[in-house]
Amino acid sequence: MTEGNQTVISWFLLLGLPIPPEHQYLFYFLFLAMYLTTILGNLIIIILIQLDSHLHTPMYSLLSNLSFSDLCFSSVTMPKLLKNMQSQVSSIPYAGCLAQMYFFLLFGDLESFLLVAMAYDRYVAICFPLRYTSIMSPKLCVSLVVLSWVLTTFHAMLHTLLMARLSFCEDNVIPHFFCDMSALLKLSCSDTHVNELVIFVTGGLILVIPFVLIIVSYARIVSSILKVPSARGIRKAFSTCGSHLSVVSLFYGTLIGLYLCPSANNSTVKDTVMAMMYTVVTPMLNPFIYSLRNRDMKGALGRVFCKKKIMV
């Protein structure tokens, strides 16, 4: 489109992943398998929690929401990436790019908030076991989930509206496999100072504060365990918190590596690889972490299969 003497971009070109052409089909089937594993694994967790009454607790209610968030988070980028790799046509319309950015921020932020809620749940379970039921009531659990959705929706909408006010002129090539916010800002021919300021301020609220709250929760948990040191108590705390700590390490580890440890060389390749880690690999691994290291999930899977065999 042309407005006056300025060409306005109506679509973008996604460069995708830095994969040699001869390896495109190999990586296509690899990513397809990873995406299908992500969908199947997270759906199994959601269905198990809904079917098994033993899992109708605050912890597993939050886990169900986390699995839904992971499923959607991966679905924001992977179908488009797979389509582009298959068709070799990597264009995306302007409106589609903004929509992808919105949902990417929404579900990425939602995972961060849900991890905080789960850390608080583990803190209450270990530090106040006798009051756990009264503190982590269904009302509080629902409130934490609703608050997470409201805050992340507002944050994603804010950045999307700020991005929509910018103009994009001649350069429409995004050196990424999805519409990354920072990559879009570099392409804009408008003043982006307001966007950058909002990213700096809200980035602290959405990522840093949740991470600090998780660290504080686990510091209190460790302090509580050390007050009454026993091998049984340590094993119980580890079995209770181990899965959550693994997921937190995966999620925040990749984000810290991407945003706090920049590299001067091959920064675009590094950014793309790290983005693949937290958009594809982490959502795929989460179901395995919670199922393989969690007795309740294994027991629920066994009970559900036993019921089906009896019915047959």
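In case you wondered, yes, glycine gets a Cβ from its N, Cα and C as well.
Under the heading domain 'G-protein coupled receptors family 1 profile', TrEMBL lists 41-290.
If you look up TrEMBL, you'll see 25-48 (among others) marked as transmembrane segment.
Positions annotated as transmembrane segment by TrEMBL: 99-120 (among others). Sequence-distant contacts of the transmembrane segment (99-120) (same chain, at least 6 residues past either end, Cβ-Cβ under 8 Å): 59, 62-63, 65-66, 69-70, 72-73, 76-77, 80, 92, 144-145, 147-149, 151-153, 155-157, 159-160, 163, 178-181, 184, 206-207, 210-211, 213-214, 217-218, 244, 247-248, 251, 278-279.
Only residues 6 or more beyond the boundaries of the transmembrane segment (140-158), in the same chain, are considered here, and those with a CB under 8 A from a CB of the stretch are 58, 61-62, 65, 102-103, 105-107, 109-110, 113-114, 117, 120, 198, 202, 205-206. Here TrEMBL flags 140-158 (among others) as transmembrane segment.
Proximity of distant same-chain residues to the transmembrane segment (197-216), defined by a Cβ-Cβ separation under 8 Å and at least 6 residues beyond the stretch ends, is recorded for 109, 112-113, 115-116, 119-120, 151-152, 155, 158-159, 162, 181, 248, 252, 255. What TrEMBL records for 197-216 (among others) is transmembrane segment.
If you look up TrEMBL, you'll see 237-260 (among others) marked as transmembrane segment.
The feature transmembrane segment is assigned by TrEMBL to 272-292 (among others).
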